[in-house]
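Below: one structure, written as structure tokens.
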Amino acid sequence: MGKRIWLHHRHFQWETSLANRAKVARGARQVKSRGLSHAALQSGAGRIGRNAQAVASEVSTTEQENQTALSHKEKMLANYVPVFVMLPLGVVSVDNVLEDKEGLEKQLKELRAAGVDGVMADVWWGIVGSQGPKQYDWTAYRNLFQLVQDCGLKLQAIMSFHQCGGNIGDVDNIPLPQWVLKIGESDPDIFYTNRSGNRDEEYLSLGVDNQPLFYGRTAVEVYSDYMKSFRQNMSDFLGDGLIIDIEVGLGPAGELRYPSYARNQGWVFPGIGEFQCYDKYLKAEFKEAATSVGHPEWDFPDNAGTYNDTPESTEFFGSQGAYLTEKGKFFLAWYSNKLLSHGDQILEEANKAFLGCKVKLAAKVAGIHWWYKTDNHAAELTAGYYNLKSRDGYRPIARMLSRHYAILNFTCLEMRNSEQIAEAKSGPQELVQQVLCGGWREGIDVAGENALPRYDRDGYNQILLNARPNGVNKDGPPKLRMYGLTYLRLSDDLFQKMNFNIFKTFVKKMHADQDYCPDPEKYNNDIGPLEQSKPKMTIEDLLEATEPMEPFPWDKETDMSVGDALASLIDKILSIFK
């Protein structure tokens with residue numbers, strides 16, 4: 001029973017009890033005023049006593065019903081999945097100004113009224129750190145955070161160490177800090193580089209993680225200083241519980257991956273992408289690694305095609321391709337292991353920066369679903385996810401995250417196989433199942449996002465299915481439940497009447513038909529002080545998790561639907577006449 005209905009029921013019972021008590025009181029007054037005989041008085045007293053007992057019995061019954069309703073509510077709350085909404089990429093302008101504060105405040109209040117739990121905001125290194133090394137201006141973000149807090153919402157903050165612009169959905173352009181780009185002019189190898197020598201300035205190459213090229217600091221030290229400054233300058237918001245997640249940017253689009261499919265490099269879906277390890281720093285590291293196993297002659301693949309090739313058109317990914325050879329396997333293991341180590345090292349710095357704060361760390365993994373249903377998984381391999389039918393490329397990431405008590409945040413939750421073009425051989429549904437199950441098996445929380453803006457019931461229903469793959473449990477926690485969902489993204493389109501009405505229903509269904517709950521402990525999302533990272537794992541420990549395992553079973557449809565095909569048809573008809 002929903003809260004509103006239950007409160008109404010309780011109010012009705014309370015009024016009924018008062019009415020009965022009033023009848024008893026009126027009876028007593030009538031006895032006194034009429035001067036009735038002793039016998040009559042005794043008889044009346046008996047009736048009053050019986051009436052009082054009846055009232056007491058009714059009150060007791062009401063309390064039991066209330067307790068039952070409360071117990072039901074508590075059990076249903078265990079199925080609650082909080083919903084956050086991503087703020088616009090340029091909510092703080094490239095000039096470090098909070099844009100359209102009044103308009104944003106109106107939208108935030110509408111989100112709060114719709115039951116939304118919080119919002120997510122990119123905190124751009126290219127904005128805050130634009131003035132120079134170790135020079136930070138947090139003013140605009142403090143204004144933004146205060147506004148979010150005043151509107152009664154929680155906040156997920158992204159440490160955005162990447163460029164905004166050049167990726168799907170990017171409508172703003174926020175480059176890396178100018179002083180960093182200046183270093184890149186004299187040393188372009190600080191950026192990811194493809195086989196043709198083209199540089200990608202979205203994110204610093206992980207090859208410079210430990211190179212002191214940034215006024216005496218390494219890239220990892222630069223990221224660490226930024227996060228320490230964030231903690232120092234946002235200590236009040238951290239202490240107040242406004243900020244509940246710190247998502248640490250680990251690559252392009254904030255995701256732990258290589259920039260293998262950048263649109264600014266000419267990539268078009270569903271191209272396989274290109275390996276991004278040809279800067280001089282990663283070349284030297286690979287040569288050292290190959291020499292250590294007795295193969296100094298080994299080099300990077302020269303037959304893996306270009307951005308928009310299909311797998312079968314290349315020698316590396318084709319049937320019985322080079323990716324299956326000893327040399328190919330060594331390269332792919334090295335390429336993906338570098339990504340694991342990169343994420344591990346930066347998350348350890350994040351853990352040190354936020355140690356003791358009541359926040360959760362998080363890291364985002366990209367949903368590269370195209371070519372998933374091929375033997376080679378080419379697009380995943382170029383991005384750094386060494387994932388094949390015989391090898392799980394995602395569970396080692398989850399195991400690494402477990403060391404830092406971090407959430408695995410995954411994308412493309414809204415996608416269904418039937419919506420994809422046949423030639424892309426996509427498998428978003430199976431991919432989501434594999435990644436989420438890998439996280440659950442490694443004992444970590446998993447959260448997610450939709451990859452593309454969606455306002456339709458089918459997209460919402462797919463997210464709801466993935467949020468609780470085996471449905472709601474009316475007697476307590478469900479078998480499987482995501483930690484949270486971040487909806488992409490706040491926009492004028494979202495607030496169109498029909499879109500927003502469906503979205504409000506979606507939020508209610510994510511909450512398992514419960515009203516907004518301000519206390520995460522009630523749905524088992526309580527956040528204690530961040531503990532120190534566990535001891536470092538060897539690469540061998542991490543790679544034990546590459547053994548493939550069958551995903552947990554998934555229901556065919558969600559039991560918390562926002563509407564079926566008929567409702568969607570009615571939506572379309574109404575949209576024609578609006």
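Every residue, even glycine, has its Cβ placed from backbone N, Cα and C.
TrEMBL labels come from automatic prediction, so no person has curated them.
Per TrEMBL, these features apply:
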ACT_SITE  Glu255  active site, proton donor
ACT_SITE  Glu449  active site, proton acceptor
BINDING   Asp122, His162, Asp170, Lys364, His369, Thr411, Asn450, Ala451, Arg489  substrate binding site
Test of understanding: give the count of other CB atoms lying within 10 angstroms of the CB of Glu255 (active site, proton donor).
24
Quiz question: given the recorded positions Asp122, Glu449, which has the greatest number of C-beta atoms lying within 10 angstroms of its own C-beta?
Asp122
How big is the gap, in Å, between the Cα of Asp122 (substrate binding site) and that of Glu255 (active site, proton donor), rounded to a whole number?
13
If we check Cα distances from Glu449 (active site, proton acceptor), which of the recorded positions Glu255, His369, Arg489 wins as closest?
Arg489
State the count of C-beta atoms found within 10 angstroms of the C-beta of Arg489 (substrate binding site), not counting that atom itself.
20
What's the number of neighbouring CB atoms sitting within 10 A of the CB on His369 (substrate binding site)?
25
Near the Cβ of Asn450 (substrate binding site), how many other Cβ atoms are there if near means within 10 Å?
22
